[in-house]
Amino acid sequence: MTSSPAPGAPPVLRAQALTKTYGDGQSRFDALKGVSLEVHRGESLAIVGKSGSGKSTLMHLLALLDRPSTGVVEIDGEDAASAPTRRINRLRNERFGFVFQQFFLTAQQTVLENVTLPLLVAGVAPRERARRGLAVLESLGLADKARNRANDLSGGQKQRVVIARALVNEPDVIFADEPTGNLDSTTGEQVEDLLFGLQRERGITLVVVTHDDDLAARCDRRVTIADGLIVGGADR
Amino acid sequence: MRTTDVVTNATRNAFRSKLRTTLTVLSLFVGAFTLTLTTALGAGVNDYVSRQVATVSTGDALLVTPAASADSSEGPTRFDPDGRQQSTQPNPLGSGTLLNADDLETMQGIDGIERVEPVRQVVIDWVAPADGTEEDRYELDINPSSSLGRSDLIAGEQLDDGKGAAQIVLQDEYVDALGFGDAESAIGETVELGYTDAAHVARSIEAEVVGIARTSLFASGAGVDASLTDVVSEAQAIPGQPEAYVLAVAHLDGPGGGAVTEEDIRQVKAQLADADLTGQTVEDQLGVIQTVINGIIGVLSAFSVIALLAASFGIVNTLLMSVQERTREIGLMKAMGMSNGRVFSLFSLEAVVIGFLGSAIGALAAIGLGSLISSALAAGPLADLPGLSILLFDPVNVLAVILVIMLVAFVSGVLPARRAARQDPIDSLRYE
């Protein structure tokens, strides 16, 4: 790790007694029943669990895509769960990058346009968008594909484009939801290498949601979720 | 997201599904096309009418006619030796009853009326060039109210009652017949007018051509000034017959010689009504005619509005499909921090872009085709109404049509855009 957390610095993500309840009355469903968790800067954390265990809900709460029913989510010590929507949108836009199992690339647009989407949302000027987009594509060896349509790429290339899109806004945390779930094992491994390389070289915090034990094993730490509770946390 | 980026992206998104957008644009096209044509028709006819009505009177004048008889008693009306005469000739400006000397006196006595000029009917038999022979004589009608009105002039000036010399404003069809080169060269020339006096003696009078006018819908016939009518009507008056006039023009003056206000006109009208007379301003006459025209145009426009209504459902449908297709993309943008408001503007602007395309193309097509139809009609069936351009494409109206349709498109886009804005990124990005 090139950047270890400064002593005494607040964790980049902190969750305290998170609960999330969907519906009420008969159809009430407690997805999370009180989860506390700290993620330190520069580390990689795997959230594992069976489907329906609440691991995705936990990631959504940590990534500020959803608000907890009770409990606190802090970003660098700042309470984010109760912040106004506009602030939360900015936090997500500036601090987080997302890699999903599916690529979610817009087929008709060029690779460059897909990669610069976070910058478009942020309101960066077109010229600056292109410059930063090309730089990040270059670093991932995709510079020659910048003007291609996203549809014309192979699966592995697409996932690299998705990672480029997650990186373009220079985030502190990348959330990866089953990042290799859609890839064959060889390309899956290449994508894993890429993600962990970024974590090591750039000090980016990595939060990976997966049910793949091999992937979880490569992370610094893993927490296992079952029935909305952390049942096991182990430092490697 | 920057506002310019919202606009460019909305425009690009509108063209993503070309066939679907084209069909929606077509449905708007129909509405825009019809609405542009009906408003142009309204503008064209109204413009013509207001020019035509302006030929009847000027300024602060009331056209006074006997009030329409509302005698409901049964049986024949009892004879009144001082009563009004009935007209033997139909007149577009008056009712069947004629004004008599008493009426003129009454009018003169009303507060706010400065002077009263009775309109006399004179009959001119022919017109000829000053040095013309009998072969050069042409029949001529005189417009009874011409000395008070403005003509729709091609060349020259309006009649000027102050000069005292006999003046005439001829219709343009007489220019060739009387041997003038063109309308301009006829100005200042003298023509000879022939008439028959009360004793059936043929007489003639010379008049200077001061203007050449377009043939007019309401004020048909040549215009002559008061001095000429005075001479002719005196000669044609049958001795012993009481004075009778089709109508009179009451010139108003404001209190203390100031400007005439609405209130002054209203008071004079009320006093005229008490005297069993009806006073109408040009605006009143214009209003009645234009109300009828606007009513007809309104009905026509209603049909294009129905077409637009149908098209607006098309927009709703198109955009709902678009939102459906782009669920993932919307979810992704929202996950990346795009606000609900920006998502809403992105989709509602897409609707506005579709609206603009449909309305602009529709309006342009309407202007193109309408101009062709208009000039074809003016050369053919409507050649007898010179000065009438049946379709008048006023830039303001065309712009208003385009803006209204863009507004309709925006309103249609609200429902789909709201749906997009309210999407939950987690639901949108779910996969299983």
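Every residue gets a Cβ built from N, Cα and C, even glycine.
Features of the protein shown, as given by TrEMBL:
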- B:21-216: domain 'MacB-like periplasmic core' (DOMAIN)
- B:67-99: region 'Disordered' (REGION)
- B:84-98: compositional bias 'Polar residues' (COMPBIAS)
- B:296-322: transmembrane segment (TRANSMEM)
- B:302-425: domain 'ABC3 transporter permease C-terminal' (DOMAIN)
- B:343-376: transmembrane segment (TRANSMEM)
- B:396-415: transmembrane segment (TRANSMEM)
Worksheet item: Over the domain 'ABC3 transporter permease C-terminal' (B:302-425), what is the model's mean pLDDT?
Response: 89
Practice prompt. Report, as numbers and ranges, every residue of the chain located at least six residues beyond the transmembrane segment (B:396-415) whose Cβ falls under 8 Å of a Cβ in that stretch; write 'none' if there are none.
Written response: 28, 31-32, 35-36, 39-40, 43, 308, 311-313, 315-316, 319-320, 347-352, 354-356, 358-360, 362-363, 367
Worksheet item: Helix, strand, coil residue numbers for the domain 'ABC3 transporter permease C-terminal' (B:302-425) per DSSP?
Response: 101 helix, 0 strand, 23 coil
